[in-house]
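*Asks:* Mind looking over this structure? Questions follow.
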Amino acid sequence: MTLLSVQGLSKSFGGVAAARDVSFLLERGELLAIIGPNGAGKSTVFNMVGGQLRPDHGAVLLDGQNITAASPQKRFRLGVGRTFQVAQTFLSMSVVENVQMALVSCNGESSALWAPARTRHREEALALLEQVGMADVADRPCSALAYGDVKRVELAIALAGQPKLLLMDEPTAGMAARERADLMDLTARIADAKSIGVLFTEHDMDVVFGHAERVIVLVRGRIIAAGSPEEIRQNEEVRRAYLGDEHALEKPKGLSPA
Amino acid sequence: MDLSFLAIQALNGLSSASSLFITACGLTLVFGVTRIVNFAHGSLYMIGAYTAATLVPRLLELHFGPVTFWAGILASAIIVGLIGVLIEVLLLRRIYGAPELFQLLATFGVVLVVQDLAILVFGPEDILGPRAPGLRAPVEILGRRFPSYELVLIAAGPIVLGLVWLLLRKTRFGVLVRAATQDREMIAALGVNQALLFTGTLFLGAFLAGLGGALQIPRVSAHAGMDLSIIAEAFVVTVVGGMGSVPGAFLAALIIGQLQAFGILIFPKSTLVVVFLLMAVVLAIRPYGFFGRPEAVGGTHAVGIASSKRSPYAGLIALAVIGTGLSLPLIGDAYMLKVATEILIFALFAFSLQLLIGVSGVVSFGHAAFFGLGAYGAALSLKWFALPMEAALPAGLLLAAAGALLIGGFVVRLSGIYLAMMTLAAAQIIYAVAFQWVDVTGGDNGIVGVWPSAWASGQVPFYLFTLALVTIAVLLLMRIINAPFGYALRAARDSEARAEAIGLTIRRHRWLAFTISGAAAGLAGGLYAFSRGSVDPSLLGIPTSVDALTMLLIGGIQTVTGPLVGAGFLHVLRDQIMPLTSLWRLLLGLIIIAIVLVFPRGLVGTVRGWGEERS
Amino acid sequence: MTKASMTRWLALGLALAFAAPSAQAQQAPIKLGELNSYARWAAFTVPYRSGWQMALDEINAKGGVLGRKLEIVSRDDGATTGDATRVADELVNREGVSLLFGSFQSNVGVAMADYANQKKILYIAAEPLTDAITMAQGNRYTFRIRPSNFMQVGMLVDQAKASGAKRWAIVAPNYEYGQSAAEVFKRLIKERVPGAEIVAEQYPALGKIEAGATVSALEQAKPDGIFNVLFGPDLTQFVREGNTRGLFEDATVLSLLTGEPEWLLPLKDEVPEGWTVTGYPWDEIKEPKHKAFVDAYRAKFNETPRLGSLLGYMVVYMIRDAIELAGSVETEAMIKALEDTKFDTVIGPVTMRGIDNQATMGAWVGKLVLKGANGGMTDWSYMDGTPFMPTEAEVKAVRKD
């Protein structure tokens with residue numbers, strides 16, 4: 001069954017249409033990128049899939065189940081993990097506690113009042129940190145990490161819910177070029193190994209064309225093109241939309257697709 | 001009721017609304033630009049009245065005619081504006097980036113300082129100002145006499161609104177003020193001289209407060225209680241209108257003016273509660289007031305409890321502390337035990353607040369509500385149902401928990417400054433009920449004869465009883481803070497978006513935390529009632545809430561043990577110093593300001609910081 | 001680390017607590033504990049303090065009492081019941097005082113009365129007016145000198161009878177003092193003035209009167225008599241609005257306490273002339289003893305006396321007399337010495353009635369008049385408290401002891 005099916009999503013803010021009839025599919029293990037110029041409606045679509053926004057029309061189906069009206073919390077329990085444009089972690093906690101917190105929530109223990117949190121699911125949390133390469137700083141305060149590392153911790157938190165679908169909003173924003181490729185390689189590896197579908201928005205075309213298997217292009221709230229990175233690069237309409245930013249669609253150099 | 005009476009009553013309401021608007025307008029402007037809720041705004045209003053009541057008669061003696069009266073009013077307002085500048089430069093400028101809690105407390109510190117200074121400068125007696133020359137005689141409206149000065153006041157509100165509107169629309173300063181009100185980040189990006197903008201705004205805000213106060217002198221004598229009575233109403237006006245919105249403040253002032261004018265006809269004995277009830281209802285329906293916008297809330301991890309390594313000696317030290325506590329009756333006299341008992345009770349009170357502020361990031365400014373509910377619950381069940389202490393204490397705890405459950409349901413839907421104001425309103429409503437429902441609560445005399453059961457009535461047994469209950473309650477709360485529930489609260493405090501994305505139901509968690517915290521405060525309140533033998537509405541008042549916040553602040557809100565130390569420190573200080581000086585409020589205010597400015601991490605946090613530096 | 005620093009601070013706290021002066025052995029002077037709201041209500045309590053200070057100095061200059069000097073240990077009661085009872089504890093347990101006196105606010109007075117009962121120590125309320133102190137919450141350890149609400153209202157109601165007014169309006173601050181005065185007035189006016197009715201009642205929050213609206217609301221009922229309990233800033237506002245709008249022009253106005261200098265002086269020349277009030281016309285009382293008191297007071301403090309000054313002065317002299325009579329500072333002996341004893345005071349004889357521990361001190365009732373720049377009283381007379389006290393049956397019905 002199709003992992004994520006987005007059907008005819010529309011949303012307008014005070015008469016301005018931010019998304020019009022947006023539909024697409026996402027399979028398990030697939031990396032799908034949403035791109036588009038500023039103000040194209042990427043975040044709107046993304047937040048409707050993530051549950052932060054309620055669409056005016058249309059539906060979001062996860063494994064065939066309609067989750068259009070589900071809260072972010074509900075979506076999490078159904079297997080939707082997400083990362084944020086500006087990494088969101090719990091800065092007052094240590095790295096491993098961040099992941100433990102997600103595991104605690106996952107196991108429905110977040111209202112437990114007795115046994116200390118720091119002893120719960122520690123091994124599992126360390127294993128997740130191992131996967132993202134952060135096990136050696138597990139007991140450091142999260143606030144002391146470099147930004148690139150925080151992004152990795154955030155990925156580990158998102159993975160703690162054993163998601164089927166991972167939503168990543170601008171996953172590489174604010175990172176150095178080398179870090180970007182590393183993070184996306186890591187994401188692709190994990191997505192492949194656990195057969196997680198990944199939906200991400202991205203500004204950096206190197207990341208998009210280097211890692212996405214399929215790309216959707218949004219302009220003024222409407223999908224104008226969808227297809228493989230190669231098809232998108234050739235698409236005339238997309239080229240027009242990105243007029244003046246021709247370089248954005250050039251083939252990346254020195255980076256191999258995942 | 002005939003038409004002319006209704007018309008006159010409406011005019012009365014309009015003149016109150018005008019006065020209220022002029023003052024509240026300054027408060028809302030200052031908030032819009034600086035994002036500081038200035039408690040001291042009421043103090044500026046009071047200084048305005050005192051200054052005018054002192055200055056204007058001297059000017060009138062010069063015999064330059066009626067114009068000197070108005071010149072005096074204006075001069076007083078300018079003087080107050082300059083005092084506002086002084087406050088900005090000396091204090092506010094240093095706390096723009098600080099958490100709301102610190103800002104609220106620091107400006108409350110100014111309130112305390114000004115209260116004592118005003119008495120030092122202007123003397124303890126009320127000062128009656130002169131009437132406005134030429135406006136002594138009433139005018140006849142629909143066959144009834146109406147003071148002509150009130151008509152001037154009615155006009156003054158819209159005039160000030162118009163002038164402020166012109167200032168905001170037509171001047172560069174106004175453009176900047178509006179820009180800052182809409183988006184505080186933008187101002188920094190524009191490369192504007194921020195310091196000058198903020199100082200200018202404070203001058204304008206203080207000027208309006210001073211003007212509001214000065215215009216009152218033909219009606220009210222300048223007196224020392226003016227500050228807190230106006231600030232409560234000004235808060236209501238700005239919150240109901242939407243923080244930062246001048247037209248909102250105007251509309252809210254109009255509504256409140258009419259509500260008060262006609263409210264006294266329908267509920268002559270419930271005047272206190274009406275205004276705060278309005279605020280609570282508006283916030284419940286429109287969480288950001290009439291024209292307010294939600295504030296983007298960032299992570300506030302910097303002001304709360306963070307994970308730290310567990311000291312290997314922790315258990316041992318806790319045992320030593322409890323041991324010292326247990327052996328106190330062997331070394332202390334009866335009075336020392338009394339003080340120790342009260343310290344323990346306030347420690348629990350402050351600690352219950354820590355669960356909200358330090359752990360959940362929920363800045364409650366009305367925690368006294370639950371302390372008081374616990375005390376009243378115990379006292380009422382003793383008085384009306386003749387329950388013994390053993391049953392009255394749990395009854396108080398339950399009443400406080402029930403109150404917190406109810407209020408929490410509304411509070412957790414809000415955030416930031418609106419949340420703080422909602423808790424304040426809730427506490428004020430309960431205060432008003434306790435104060436004015438005389439038949440049940442005994443009004444301001446309260447309920448006396450709330451003494452412990454015979455076995456606990458001695459100072460030593462009651463101390464040990466308190467020690468046991470407080471120790472158990474604090475250990476339970478610590479357990480909760482370290483449990484997944486406490487971590488979930490911290491998670492929601494650090495990042496709401498992340499907390500939601502991992503499936504945490506933030507509101508439900510905060511609601512439960514609010515209830516637990518209320519229950520713990522209620523236990524403290526019940527113990528306090530039995531410790532001193534009586535309850536009265538002051539337990540529910542703003543000063544009690546501020547006490548708890550101050551204890552938290554002194555101890556340090558980033559540490560689990562901070563509130564315990566803060567309670568001990570403040571109580572001992574009060575006990576030692578209050579008998580010696582009549583300038584106690586001045587001293588307390590300076591202490592609060594000093595801690596906010598110099599030791600924002602509090603005693604425990606600062607000491608711990610030294611330890612970390614050394615290692 | 002957290003725990004370690006906690007102990008350190010706790011230790012400091014304890015050290016501070018210990019460093020306080022420890023209880024001293026009883027030396028020659030007799031220690032009296034005094035507490036009042038000196039910071040919160042400075043305008044009223046500072047003259048009171050001057051009064052007791054003067055009495056204390058005079059007594060000690062004459063050698064004290066029982067051959068020992070008097071010493072008054074004075075504390076601020078913080079104007080809250082919690083602080084007051086804690087301070088009282090400190091005075092009793094640390095300072096070892098023989099009795100307590102003072103306090104201003106009614107709720108503090110009531111809490112202190114209950115404290116005295118619980119701790120079995122003598123407490124003499126000087127200023128609080130609420131009836132509760134000698135009635136419902138009264139107890140054998142608590143005494144009061146100032147005439148209570150009930151007594152002062154009774155004196156005013158007697159004046160109401162003479163005025164012939166029947167349609168009465170009440171305006172009172174919405175707290176215990178105002179409410180209980182209004183209750184007493186309602187009861188007494190109906191008992192003593194046939195045909196009297198209450199046509200309007202207004203209870204503005206203390207310090208928060210909406211004067212214009214309140215005056216209009218009263219005016220609407222067209223009363224021919226007004227009973228006022230407002231004071232302080234509320235009163236000023238009320239008087240100005242009422243004068244402007246002509247509320248008082250055709251009405252008899254009775255007003256509690258307004259003739260006391262504490263309240264008259266801040267009114268300056270806005271004094272509502274013709275109001276019938278209780279008060280203290282200190283400058284017109286010509287009895288030599290009282291005149292001597294006024295002269296000495298003015299010489300010592302360069303200030304004119306307030307009613308508080310008189311009360312502070314009287315209370316210390318009455319304490320001295322009671323100790324002398326008791327021959328010791330034992331609580332029981334002092335209670336016995338106080339009860340039903342006739343004291344010779346600067347305003348004449350005052351008896352401490354035994355059944356409710358209320359003194360028979362009266363009040364001066366007269367009309368307000370403008371004298372130069374300030375208000376004063378005219379047509380006044382001193383009314384002894386005795387006939388206005390609640391009857392023995394009334395006392396027995398509400399007192400629990």
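From the backbone N, Cα and C atoms, a Cβ is placed for every residue, glycine too.
Note that the structure is predicted; figures quoted are calculated from it, not measured.
So TrEMBL says this about it:
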type	residues	note
TRANSMEM	B:6-32	transmembrane segment
TRANSMEM	B:39-57	transmembrane segment
TRANSMEM	B:69-92	transmembrane segment
TRANSMEM	B:104-123	transmembrane segment
TRANSMEM	B:151-168	transmembrane segment
TRANSMEM	B:189-215	transmembrane segment
TRANSMEM	B:271-291	transmembrane segment
TRANSMEM	B:343-371	transmembrane segment
TRANSMEM	B:391-412	transmembrane segment
TRANSMEM	B:460-481	transmembrane segment
TRANSMEM	B:511-530	transmembrane segment
TRANSMEM	B:550-570	transmembrane segment
*Asks:* Cβ under 8 Å to the transmembrane segment (B:189-215), counting only same-chain residues 6 or more beyond its ends: which ones?
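*Replies:* Distant Cβ neighbours of the transmembrane segment (B:189-215) are 19-20, 22-23, 25-27, 29-30, 33-34, 38, 41-42, 44-52, 72-74, 76-85, 87-89, 92-93, 96, 153, 156, 160, 164, 167, 173, 176-177, 179-180, 222, 226, 230.
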*Asks:* Which residues, given as numbers and ranges, are at least 6 beyond the ends of the transmembrane segment (B:69-92) yet have a Cβ under 8 Å from it?
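*Replies:* Apart from its flanks, the transmembrane segment (B:69-92) reaches 34, 36, 38, 40, 44, 47-48, 51-52, 55-56, 59-60, 106-107, 110, 130, 132-133, 198-199, 202-211, 213-215, 217, 593, 597.
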*Asks:* At a C-beta cut-off of under 8 Å, are there same-chain residues at least 6 beyond the transmembrane segment (B:460-481) that contact it? List them, or none.
*Replies:* 305, 322, 325-326, 328-329, 337-338, 340-341, 344-345, 347-348, 351-352, 354-355, 359, 452, 516, 520, 523-524, 527, 530-531, 560, 564
*Asks:* So if I exclude everything within five residues of the ends of the transmembrane segment (B:550-570), which remaining residues of that chain have a CB under 8 angstroms from its CBs? That is, six or more out.
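*Replies:* Long-range Cβ neighbours of the transmembrane segment (B:550-570): 101-102, 105, 303-306, 343, 346-347, 349-351, 353-354, 357-358, 474, 478, 481, 588, 591-592, 595-596, 601-606, 608.
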*Asks:* Which of B:104-123, B:151-168, B:511-530 has the most Cβ pairs closer than 8 Å to the transmembrane segment (B:391-412)?
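*Replies:* Per the Cβ count, the answer is B:511-530.
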